[in-house]
Amino acid sequence: MTNRIFHLYQYAIPVDSQLILRNRFLKKREGLFVQIKCGEHEGWGEIAPLPEFSQETLEQAKEQTVQWLKKWEQARSANQKFSLQGLYPSVAFGLSCALAEMEGELVQEGNYQVAPLCYGDPDELYDVLNQIPGEKVAKIKVGMYEANRDGMIADMLLEAIPDLYLRLDANRSWTLSKAQLFAKYVKPEHRSRIQFLEEPCKTREQSRIFAEHHNIAIAWDESVRELDFFVQKEPHLAAIIIKPTLMGSLEYCVQLIEEAHRHGIKVVISSSIESSLGLTQLARIAQQYTPNVIPGLDTLNLMDYQLLRAWKGSQLPLLGLDSEFVHKISF
Ligand SMILES: O=C(O)CCC(=O)c1ccccc1C(=O)O
Ligand SMILES: [Mg+2]
């Protein structure tokens, strides 16, 4: 019997989440790194519940992780697999990544293409987009200010950059009439270059009506995590967004991805503001399971540092286990 060894670390790094989380302030991003070893094989995972999005707190996740690791250790004598069933999503995801890495089930290569988050200045966007190879896709958070202003900005960018595609995310901010105000400012001939608008309205039904009425493609993000959600083909549905840290184990995410693909629906793997360790794993998951789709992983720059693993092309300082932002948890 080979020896199983595991270690748990906790991190806290400065972050400015305002851009993504709107008025929800998060000064530091906290989470756990789990390292498991079995003989010569090693795997890492990140367990980082996102406040206001995850049901579980970091404390709860930590406790559950410690319990699971102890039981996993006990199961070894019987050479049993120990299930991830019933765990919090962030715990199931982090542990499943560590196991998948250890077992060599996760490809090394990642999809590091990003849809840069932009703030409406086309000159700035030109520069950014010219530096990225391939498809020009940018993402704008909408619904924070006036809906007509959002519409004007989207239309102006699409007008100014003829090969630009946009992803927009309203996070359910609009009533149907606000959403209509947005649409009014986007010229009909520009609408097909909106790859999707995530969750325009407060309810799914309103979002469907909006999409149908204005011929603008939508994507489900928040909806995917609701109990009554199931994958189905819908006329204006372009994609579903999967944030694995909020969803559950890798196996569960893969099942959902495959189901969406069977229905002809695109899947966009997306960040829950993980550290560079978790983000690089998400890039690898995207590469493996959603080839040819740019993932929604442009969140590293909200942080001041990278931890343990480097995001391809990032200039941010890379810190290790010895840094002041990481400490070991003994149990
Ligand atoms: O999906 C992306 O493109 C980036 C990640 C992102 O927007 C996000 C990250 C954490 C929590 C919520 C959201 C969101 O989709 O609004
Ligand atoms: Mg979203």
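Quick reminder: no glycine exception, Cβ is built from N, Cα and C everywhere.
Annotated in TrEMBL:
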- LYS141: active site, proton donor (ACT_SITE)
- LYS243: active site, proton acceptor (ACT_SITE)
- ASP169, GLU198, ASP221: Mg(2+) binding site (BINDING)
- 122-217: domain 'Mandelate racemase/muconate lactonizing enzyme C-terminal' (DOMAIN)
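Location within the structure of each feature annotated in TrEMBL.
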| residue | record | CB count, 10 Å |
| --- | --- | --- |
| LYS141 | active site, proton donor | 19 |
| ASP169 | Mg(2+) binding site | 23 |
| GLU198 | Mg(2+) binding site | 28 |
| ASP221 | Mg(2+) binding site | 23 |
| LYS243 | active site, proton acceptor | 25 |
(message) Need one number: mean pLDDT over the domain 'Mandelate racemase/muconate lactonizing enzyme C-terminal' (122-217).
(response) 93
(request) Give the subset of the recorded positions LYS141, ASP169, GLU198, ASP221, LYS243 lying near ligand 2, defined as CB under 6 A from any of its atoms. (result) ASP169, GLU198, ASP221
(message) Within the domain 'Mandelate racemase/muconate lactonizing enzyme C-terminal' (122-217), count helix residues (DSSP H, G, I), strand residues (E, B) and coil residues, in that order.
(response) 50 helix, 19 strand, 27 coil
(request) Take the C-alpha atoms of LYS141 (active site, proton donor) and ASP169 (Mg(2+) binding site) and report the distance between them in angstrom, rounded. (result) 5
(message) Centre the Cβ atoms of ASP169, GLU198, ASP221, go out 8 Å, and tell me which other residues of that chain have a Cβ in range of the Mg(2+) site.
(response) ARG167, LEU168, ALA170, ASN171, PHE196, LEU197, GLU199, ALA219, GLU222, ILE241
(request) Give me the Cα-Cα distance between ASP221 (Mg(2+) binding site) and LYS243 (active site, proton acceptor), rounded to a whole Å. (result) 8
(request) Rounded to the nearest Å, what's the C-alpha distance separating LYS243 (active site, proton acceptor) and ASP169 (Mg(2+) binding site)? Just drop the number here, would you? (result) 14
